[in-house]
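Accompanying notes for the structure given below.
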Amino acid sequence: MLRFTKTKGTLAATALGLALAGAAFADPVEDELVIEAEEGQVEIVTKTAPPAFLADTFDAIYSGWHFRDDTTRDLERDDFDNPAMVFVDRGLDKWNAAMGTGGESCASCHQGPESMAGLRAVMPRVDEKTGKLMIMEDYVNACVTERMGLEKWGVTSENMKDMLSLISLQSRGMAVNVKIDGPAAPYWEHGKEIYYTRYGQLEMSCANCHEDNNGQMIRADHLSQGQVNGFPTYRLKDSGMVTAQQRFVGCVRDTRAETFKAGSDDFKALELYVASRGNGLSVEGVSVRH
Amino acid sequence: MSSHLWYASVVAMAIATPAICETAPKEVVYVEGAVEASLTGAPGNPEEGVRVMTTNALGNCVACHQIGALPDVEFPGTIAPPLDGAGDRWTEAQLRGIVANAKMTFEGTFMPAFYKVDGFVRPGDGFTGKAGAEPLAPILNAQQIEDVVAFLVTLKE
């Protein structure tokens, strides 16, 4: 509501009063997420203290799960109900498939997918060898091209999203903990700049909706804090998996702007920055949203 | 040229060319955020204004604003102030200025400028996600702005 306090002249008092009147709506739902999984119950931290750099911005950070309706939230409580699990299974089939030019599978080098436990929680990160900022898609493609000798997978292809779903699930329940200092700092700063830039003919930044107005309704949509700890997510509206990179494309497009491409340096930096805003929330593995 | 063809070409030109007294987006004069003169030189149609305000592909004002006078609108947004009484709080000129470019009244406001065509960061071609070339078409044309203003002035408590 900060935006409405910056009024000019005699209009200020009226506008401020109205802005405050409008702020009382639709907070995140108070609820707790414990997922019934094959291996037992998994407790998910969906609300926690903000990272230090957001201490003056939010009292608490919330997973997008808190902003969805009862039906959608319930779908994530049990793996039998979670439609994203189909894509995890497809990912597991690909993991074990001998698809490399030399007959390699992912399992040939990495054994079971559980060897990936913890990775999703620290992504994106700067690769120690190259100094480049990597999103999970980059690591998958490095294997696909360099070790398996295949053409690289599309950043938002079905193959890629199935694999991301499988790998992400291995870190379910672990706290997001992406590094923002050291070699990550310049990428993080770039992502932050994008987050606060008002793009397109609608002149909207990520912050306009997800920082200033989270909890409010934009028509029938309940604006969340824009956290990505739940991604990849099964999006009911799309009847399929959506990655953070894809969602960024959709959001920027909706401002009537020229988007950045999924997998571009700009959106990788944005993913690092947005992920860091959720440091402390649990990786949800594969979430459900609408 | 036969008189029939001559007549047809006059009609075509009349359709293609904005009315002579229409104010283009770049020519709008804001005085403390307000715009005194009608952008079309004529009063707008309030019923058409309601359509513009409640249609997603047009103004979609109800995405953010609630309007008590339009109880049939499903799921109005809560981001922005309700518009009830807007006609009491603001003059017609102020309302016109706010609809055309609210940033001239409320510095840094979230509200998009509906009659602005350039000066954007990464302007797009509508909702395609592709690049657009400035000047873009304004989100609403002069007539639509006037229609919205004509409805807003009726919102008295």
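Each Cβ is built from the backbone N, Cα and C atoms, and glycine gets one as well.
The feature active site, cysteine persulfide intermediate is assigned by TrEMBL to A:Cys251. Summarising the annotation, TrEMBL assigns heme c 1 binding site to A:Cys106, A:Cys109, A:His110, A:Cys143. Sequence annotations record features per position, and here TrEMBL assigns heme c 2 binding site to A:Cys206, A:Cys209, A:His210, A:Cys251. Residues annotated as substrate binding site in TrEMBL: A:Arg247. Marked as domain 'Cytochrome c' by TrEMBL: A:78-171. The annotation signal peptide is assigned in TrEMBL to A:1-26.
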Residues that sit under 8 angstroms from the residue listed as 'substrate binding site' by C-beta distance, when 6+ apart in the chain: A:Val228, A:Phe231
Helix, strand and coil residues within the domain 'Cytochrome c' (A:78-171) as assigned by DSSP: 48 helix, 5 strand, 41 coil
Other residues, Cβ within 8 Å of A:Cys106, A:Cys109, A:His110, A:Cys143 Cβ centroid (heme c 1 site): A:Trp95, A:Glu104, A:Ser105, A:Ala107, A:Ser108, A:Arg147
Spatial separation of A:Cys251 (active site, cysteine persulfide intermediate) from A:Cys209 (heme c 2 binding site) - C-alpha basis, Å: 10
The residue listed as 'active site, cysteine persulfide intermediate' to A:Cys143 (heme c 1 binding site) - Cα separation in whole Å: 30
Additional residues around heme c 2, ordered along the sequence, whose Cβ is within 8 Å of the centroid of A:Cys206, A:Cys209, A:His210, A:Cys251: A:Met204, A:Ser205, A:Ala207, A:Asn208, A:Glu211, A:Leu223, A:Gly226
Minimum Cα separation from A:Cys206 (heme c 2 binding site), reported as the residue among binding-site residues A:Cys106, A:Cys109, A:His110, A:Cys143 that achieves it: A:Cys143
